[in-house]
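In what follows, a single structure is set out as structure tokens and then discussed.
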């Protein structure tokens, strides 16, 4: 409610709606005043003022970092004179004397003029036959004369003055001004300091100017409150003048080291110190010789972001500076051999904003904090097969960012695929073992790991993939150089050669007919090796017309050539037996099976499997029947064989008949009569037949480099008895071997099945 609004300060955390100040003012003529406040155009309205009371209220949030000073214009307006019915006067009704009402008084300072309306009226009478009272009015203006009844008033209070440290004795500090309360007849003002000067201040009695009598350094207090008043008046006219001794901001912040003022500080340390560690090698002190707000400043550390931080951040007068590690990973010798920071001290609340700067240089020492790093996470290499031992495969590179001995890298390899390879320990060149022989047909892919290790054992790994490139080093090969095939007219026969190279096109084979006897009879598929007759050869009659040979065996020389570079080839002689398709299924099947004996064997095994399954089923049914009949008296039942009633089966092939009986079997029942006359006797177990001797296997001429192939076996099938004889003599020889083998297998299966009935 008092003080100089121009020097008013407010904290930025003041709540909105707070009553922060009260405006105080008066009108020299004594009229009532109203207050107002305006702001610069474009500026925010931070305060509101109640017009009558002058109360200032905060209406906006304050933020010193956004705006640290607010400029406002305060207005004060006086009122207007108004004519109001006077109650201070009374009039005598007969004499017309106007008097001041009892208990009332006139005050020049409150109202200088009064207006009174006076009404005069007669006793009344008839006028134009009507009773009337005649009246008249007059306005009396009463001017109030001022008298000496009001004390002087100081104008512009509260009063504030300042003494600066550069002031000298006699310097004017402040001038007070007071006016007489009786403004129509004022008296002259004479001023005096009543108390509070302590002998350091004097006042001019007529002008009201307060002056300094001593040097500022002699002032003992920072704040003086002088009581000033006009001579000859009561305490009601006394005012207070506040004088503050102000420190001039004439000293900037200054950095000091162990040897005095210093603006460069150096430190040597190892990289990656622990976070939170204090850099104790730095001895820094900062000082500002000013006083109060002029000595308040902020410390800032400018450099790589969030690496170091400074404590404290705000200083008043003097402080010891502490530098703390904030980000250890950023203090890396491999990135920076030295770090440079700027330490700033900047004043906070002064217009001058004096500042100081100091350089902080940190020299880093290296540590072994890195592992070797390969130029790639994996390496892919290719090397031709049959390359001599010691051939270079690939070169790997790894570097260690650390300096000195820590940066030396040694290489080694390990893994299941590393047996055939070596690596130079310093150059990183990978080469084959001196004795190694790479063969793409044996193994074409190798992978292993290479390790890069520094002198302290820190290492890193990379994977190496080696592909052995196939070379065309194998020619195509047939199973035999002389082949025999049976060709049915209209159906092709197939020959096949194998190339042991690992990749295409080295192992792709093309077939061609080099020579044929007779010529121009056969065509061959270059990709599959299928040989077939020319389309015009459709029957045996045409074949007989081409050649005079009765057995129709023709020869073809076939070449198999790979597609590699250089290309290799091989030839084989193919003897082709020409035959015609027959309608007899069994004979046709056996004839077709000559080139594929596994097909016949498969059919035979299928038939035998069916017989065995049926036999097992019958045995199981009989076993459960016997078990059920013996459930009451669990005595073991023994079935004895009767040797006289044995039944023997004789398998004999019927040869010499038509081709329809080729490969068929018939059963002669020698004991049919005995069997019919003894139906009620238990069935006798037939004697085990003797197995015939298997025919010797065909000779096989194998080579060391030839692949293992399955040995063909001879098989046949069963057919009905009503078949015709075959007129083919060669077919009879083949059927004899088939009959022998089938007879042996069937007798063994029957013998095993019969043994299951007896125990």
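Note: Cβ is positioned from N, Cα and C throughout, glycine not excepted.
Note on TrEMBL: of 550-574, 575-599, 600-624, 625-649, the range annotated with the feature transmembrane segment is 600-624. The domain 'Cadherin' (261-374) shares the most Cβ pairs under 8 Å with 155-255, out of the stretches 8-154, 155-255, 470-589. DSSP assignment over the domain 'Cadherin' (375-478) gives 4 helix, 47 strand, 53 coil.
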